[in-house]
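TrEMBL lists 46-63 with the feature compositional bias 'Low complexity'. Sequence annotations record features per position, and here TrEMBL assigns domain 'CAAX prenyl protease 2/Lysostaphin resistance protein A-like' to 180-288. Feature annotation from TrEMBL assigns region 'Disordered' to 41-75. Annotation comment: TrEMBL describes 12-30, 81-103, 136-158, 248-267, 279-298, 305-323 as transmembrane segment.
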Amino acid sequence: MAPPILLSPTSTLLISSAFTTSYVASVYLLPHTRIQLSPPQPSVPPVDLAAGAAPSPTADATAIPPPPPDRHRDRNHPAVIRARLCAVSLSSLTSALSIPYIIRYFSTSSSPPPLPPLHRLLGFALPSTLKQLGTLIALPLGLTASLFAGSLYITWLCGGMPGQRHWSWRGAKAEYGGWEGVRNLVVGPLTEEIVFRSCIVAVSALAGLSKKQIVFLSPLYFGIAHVHHAYETYVAGGRTKQALTRGVLQTTFQFTYTTLFGWYATFLYLRTGSLLPPFLAHSYCNLMGLPPLHWALLEFPERKLSLWGTYLAGIATFIYGFWRWTEPALYGGSAWWW
């Protein structure tokens, strides 16, 4: 049964744009969330005291000390990450909690029908049994992982799988246990999925958009929300023409990639009716990164056949399970798949 039509397309456009603007603006509104890059400092030639050279008084007088740590803050600086995580968490929570009031205010019906509780409307509800929860985790995550079968094989060839020679708990903790790991694997995916899946899909469905329109149009907000990275690349590159070009190219690619992922994540959300599968898929994609097939073919030329075979087998598995493993009946039905 299709959701009731309570919002107009224009209202949905304005609301979704407001959610997107709020999320991105929260990253820049406060001073602690902004990056701050110091200009390059002139270098002072080192003095070899062991060779008997005396330090030059003029060198000491003109030497410019390095900037304080707080004067150089890129997007990976711990203080910037912490501030931004707080900002986007607050923005996401505000967007989610505002949904009932937005629907009431913009509703096209004078007596709108009752809606499901907010936690169900936004896909926060979890299955009542461990078996159902396991299915909700395993099948969509397995579907996502199948696309990275080749990447996992490359990791195994490099000895980077758990238990292999180049893997250690200390190394894994150093790479994923810090603030960058919290941002990339937990808070970033969770807050983005709340805004760009839970909230925007809800208002889109209540405006009468079809499933196809929701899958292919709503992720455009998700892609647009990453365009601001062009500015950060430009600033980090010294505000040069080359930095601007690099920022535009990188952001164009990122917009394409995030929009494609948004199609898939929205499909998972509509089919399962839960935010958990797209969140796990988002986190897993951030963990794996882009498939390094070109590098692997150069590094392991003797494994060319098995590399291609693994990637193709993963793609075939993904195609096979795309509809079968996301069948709403497996998850007790979905309010968004009518």
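Placement of Cβ uses the backbone N, Cα and C atoms for every residue, glycine included.
Because TrEMBL annotations are produced automatically, they should be read as predictions rather than curated entries.
Because the structure is a prediction, the values reported are computed rather than measured.
Within its own chain, the transmembrane segment (305-323) has Cβ neighbours under 8 Å at 139, 142-143, 146-150, 153-154, 291, 293, 296-297, counting only residues six or more beyond its boundaries. A Cβ distance under 8 Å defines the sequence-distant neighbours of the transmembrane segment (136-158), meaning residues of its chain 6+ beyond its ends; these are 126-127, 164, 166, 264, 268, 272, 274, 276-278, 280-281, 284-285, 288-289, 291-293, 296, 300, 303, 306-307, 310-311, 313-315, 317-318, 321-322, 325-326, 330-331.
The list of residues near the transmembrane segment (81-103) in space but at least 6 beyond its ends in sequence, with Cβ under 8 angstroms from a Cβ of it, reads 6-7, 15, 19, 22-23, 25-27, 29-30, 32-33, 75, 112, 115, 118, 121-122, 179-180, 182-183, 187-188, 190-192, 194-195, 198-199, 202-203, 206.
Remark: secondary structure over the domain 'CAAX prenyl protease 2/Lysostaphin resistance protein A-like' (180-288) totals 92 helix, 0 strand, 17 coil, with classes taken from DSSP.
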